[in-house]
There are 2 protein chains.
Amino acid sequence: MENKKLYNVAVVGVTGAVGQKMLETLERRDFPVGELRPLASARSAGQQITFKGKAYTVQEATPEAFEGIDFALFSAGGSISEKLAPAAVERGAVVIDNTSAFRMLPEVPLVVPEVNAHMISQHRGIIANPNCSTIQMVVALKPIHDAYGIERIIVSTYQAVSGSGQAAIDELREQTRAVLDGKPAEPKVLPVKSLPKHHQIAFNAIPQIDVFEENGFTKEEMKMVNETRKIFGTDEIQVTPTCVRVPVFFGHSESVFIETKKPFDLAEVRSLLESAPGVTVVDDLPEQAYPMAIDSAGHFDTYVGRIRRDLFHPRGLNMWIVSDNVLKGAALNAVQIAEHMVRSK
Amino acid sequence: MENKKLYNVAVVGVTGAVGQKMLETLERRDFPVGELRPLASARSAGQQITFKGKAYTVQEATPEAFEGIDFALFSAGGSISEKLAPAAVERGAVVIDNTSAFRMLPEVPLVVPEVNAHMISQHRGIIANPNCSTIQMVVALKPIHDAYGIERIIVSTYQAVSGSGQAAIDELREQTRAVLDGKPAEPKVLPVKSLPKHHQIAFNAIPQIDVFEENGFTKEEMKMVNETRKIFGTDEIQVTPTCVRVPVFFGHSESVFIETKKPFDLAEVRSLLESAPGVTVVDDLPEQAYPMAIDSAGHFDTYVGRIRRDLFHPRGLNMWIVSDNVLKGAALNAVQIAEHMVRSK
């Protein structure tokens, strides 16, 4: 009988939408958890959470709370990560950080295991989890990039409110009911809670995710540009993103147009996608089968459909990419990184 | 005092979502209606509708029903138009047809007044109203095409359910309430009522509008390709569309990337759009102002925002285009065509 090594795991931001999915994912994938340490802000400390049927009391995330921890999964906002990740690393933990705090630092690997698992070993204590909208796109584009090279990507997203956390999930539910009942929508969370203006998400589409930068793109859009290039390890890929919030609870959808460097064969593209890790092709037009957000919710894979050759550009390819943004887009990807490290230990 | 000439107007499909908006638009724009003749299928005949505060009984749309009619606005499905439009023309009416029945016939002008009003005079009895998703896009692209030429368009749509008629509006409302109440969604209408499979639209995004063609694009997508080229009068514009239904009642949104032929100046693009007929620019990022579907509902204009230069392509331009799909996308455009004819008489 195998004497399985166990790892002590801290989840920071454990009461949030992603934190909860991290627990669920550790459990569903039977990650070898020794001690689980559920951490959150002082405000949430004392709450009860459940892991593998056992109740835990949430502790305050302090530097000392990381003593004896092997893996610290952070998803409590960038400022918490900036403050506490170094403390966790000092105490010997490997930090897998879901915020954008460290993603673009040259010394921090930005990892999607299906794409660039080889970068994990170069970490100096912190490994960054990319942005949700980036992760699912690069999972689907990886086999195509390997085979033909990708020159440019033009992507429009249809992003679920869960990407903005539990408050946005609650807002969509309550606001939708209010609008159906003929009451005022009273937006308070979306598109960006900390900004002065809020817009109705119920029965609407909001073309703003995160704050605007000087160039007219949002921070979310610039993440798709910069993270995609860092993950693929090349500054040659041109990315043109438009990120849009839609009234969907779980599952980001993406309309993706790419131009490859080398000519491709469409049947080969399909077959490459069918055998790509983490990808499920759902593309049977006579059966009206294509990926949809509601079907992706709760699942680990990235779903690809509407795969079609462009009508005009000889190396143009269109597809529709859908994944559960809180799973592959956040919690699952973080757990997969930890799994890779466990396997290579 | 002006002795204003009045015109007898028939609205075919008057009980439908577009038909109702046609009446509303004729009234709001004070179209010089002499007699109004509300027509529909035998099934809907006998229903009451209201126009300018007066009740009318819906009559069955038969060939004889067009006697004495000056303008016949059709929006009752392609087969009704194919059957009855020639009968209306024979009786001296000008048919403005909102279906796709005649749009691509070389002898039928396909008109968006802000773009190609000059084609109206070439009609032989029938003038076609383009597809909703095409109309708002070409209104916004017209000043850019005139100034710089458009080489290609890559567009992803976020289309409201009203584009699929009253049954789809009812479906979204009822299905949303069911899902919030934890009941089954029971889809019956979307994406295409006549096809065997139906998908949940509540809290979902469906990447299918209309049926699929052999090339993997939908009929809706191919309308955007072919109608855009016909309206601009050139086969040189390359269009790559992905059409998606989202849980929005009114207002189509479009994420549009274009490449111009000649280099453009971004400030000039903005100023061209600001002075373009039918266009309102809503683009003030510090104020979080951009077009949104809920704000477009009930309004005549096409709203353009998120106007930004591409990060990589020197002649690449991104924008977000929103309009009420049942008004500018259908009813209003038809009434505007009639207004043009009245003015030039």
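Including glycine, each Cβ sits where the backbone N, Cα and C put it.
Automated prediction, rather than curation, is the source of TrEMBL annotations.
Taken straight from TrEMBL:
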- B:8-123: domain 'Semialdehyde dehydrogenase NAD-binding' (DOMAIN)
- B:THR15, B:GLY16, B:ALA17, B:VAL18, B:ARG43, B:SER44, B:SER162, B:GLY163, B:PRO184, B:ASN325: NADP(+) binding site (BINDING)
- B:ARG103: phosphate binding site (BINDING)
- B:CYS132: active site, acyl-thioester intermediate (ACT_SITE)
- B:GLN159, B:ARG245: substrate binding site (BINDING)
- B:HIS252: active site, proton acceptor (ACT_SITE)
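Features as recorded by TrEMBL, highlighted on the structure.
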| residue | record | Cβ neighbours (10 Å) |
| --- | --- | --- |
| B:THR15 | NADP(+) binding site | 20 |
| B:ALA17 | NADP(+) binding site | 22 |
| B:ARG43 | NADP(+) binding site | 9 |
| B:ARG103 | phosphate binding site | 23 |
| B:CYS132 | active site, acyl-thioester intermediate | 27 |
| B:GLN159 | substrate binding site | 26 |
| B:SER162 | NADP(+) binding site | 25 |
| B:PRO184 | NADP(+) binding site | 9 |
| B:ARG245 | substrate binding site | 26 |
| B:HIS252 | active site, proton acceptor | 31 |
### DSSP-assigned states of the domain 'Semialdehyde dehydrogenase NAD-binding' (B:8-123) in counts, ordered helix, strand, coil
39 helix, 32 strand, 45 coil
### Message
Near B:HIS252 (active site, proton acceptor) in space, meaning Cα within 10 angstroms, which of the recorded positions do we find among B:ARG43, B:CYS132, B:GLN159, B:ARG245?
### Response
B:CYS132, B:GLN159, B:ARG245
### Message
Check the DSSP secondary structure of B:HIS252 (active site, proton acceptor), expressed as helix, strand or coil.
### Response
strand
### Task
Just give me the nearest neighbour of B:PRO184 (NADP(+) binding site) among the recorded positions B:ARG103, B:CYS132, B:GLN159, B:ARG245, Cα to Cα.
B:ARG245
### Query
What is the biggest Cα to Cα gap, in Å, among B:THR15, B:GLY16, B:ALA17, B:VAL18, B:ARG43, B:SER44, B:SER162, B:GLY163, B:PRO184, B:ASN325, the residues listed as binding NADP(+)?
31
### DSSP three-state assignment (helix, strand or coil) for B:PRO184 (NADP(+) binding site)
coil
### Message
Can you give me the Cα-Cα distance between B:SER162 (NADP(+) binding site) and B:ARG245 (substrate binding site) in Å, rounded to a whole number?
### Response
10
#### Entry: the residue listed as 'active site, acyl-thioester intermediate' in three-state DSSP notation
helix
### Message
Of the recorded positions B:THR15, B:ARG103, B:CYS132, which one has its Cα closest to the Cα of B:GLN159 (substrate binding site)?
### Response
B:CYS132
